[in-house]
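Sequence annotations record features per position, and here Swiss-Prot assigns active site, proton donor to 210 based on sequence analysis. According to Swiss-Prot, the feature Zn(2+) binding site maps to 24, 26, 207, 288. Taken from Swiss-Prot, the feature substrate binding site covers 289, and the record attributes it to sequence analysis. Positions annotated as site 'Important for catalytic activity' by Swiss-Prot: 231.
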């Protein structure tokens, strides 16, 4: 992971110290090379790389698929409940360092069940770490994601296996999502499984409009009936869609450094986040797969502020959006926004 140097501008320092929420993080994508090697040794898993440096050197992605290939290889070291605990606690430490006070975390059960690891094992390890995080002042939710390159039948089977867990962990496991290879796998492919999730009262999110066209965002909204759109940066190509997103306040969980690393944009100065913000869309800033993409939440904020020349009011709005778009109770949302306001406007609103 590359480290972003905190510049000495007042806005950068204010942003780093601000309480914030993360709404787009794949827990398997927080698995740093050092922990991959430690878990491989603990579990007797043979890796294709002979050193941590060799693994880092393989992080030269050209697109989403080339990243996913190595992402799934890295996840192969996760076998036992303790492995999922250790991975999640490492992410929690990063959150605490970045003043992330609330996180809504994705996990990919099919990545593990196809290796014989039950979903219950995955969730038990993650939940134990998140319960420990609560004792340190960080709240969280968990969202089960279906892999879109697999069939809807596979997603339906995964949903049924997970069904008891939605009850057992109803305080934490509050929704479903859709991720993995976007091209050729439109949201419409998963209409039935999202309808089942909706019938249980679960929250719904989906990756759309990262590499896929704006039509995928329409499908996520109209067919899957999502509460939030993950990525969504290609919505800018359709003015009517941008207006709809702005009017409905359906948030986009944008991941700037991920978009740069996966060549969605060839330069961060060309990112659409500010254009969307200017048009009233509820954009947020997130890390996606931080171990692979070179930065956790603060690194994403700092790079985006620098590249897009964001001002104080714009950064405040983005951070506030992260709380507004979260799946917390209205009471907790008000408390989180009050903490942000106390930090951002210490003398009260100006």
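Even glycines carry a Cβ here, placed using N, Cα and C.
Cα of residue 210 (active site, proton donor) to Cα of residue 289 (substrate binding site): a span of 14 Å. Apart from 24, 26, 207, 288, the residues listed for Zn(2+), the same chain places the Cβ atoms of 25, 29, 106, 179, 230, 231, 253, 255, 258, 286, 289 within 8 Å of the centroid of those Cβ atoms. By a simple count of nearby Cβ atoms, those within 10 Å, the most crowded of the binding-site residues 288, 289 is 288. The Cβ of residue 231 (site 'Important for catalytic activity') lies under 8 Å from the Cβ of 24, 207, 208, 209, 210, 252, 253, 254, 255, 259, each of which sits 6+ residues away along the same chain. Cβ neighbour count for residue 26 (Zn(2+) binding site): 27 (other Cβ atoms within 10 Å of its Cβ, all protein chains included). Of the listed recorded positions, namely 24, 207, 210, the sparsest Cβ surroundings within 10 Å are found at 210. Here the CA atom of the residue listed as 'substrate binding site' lies 6 Å from the CA atom of residue 26 (Zn(2+) binding site).
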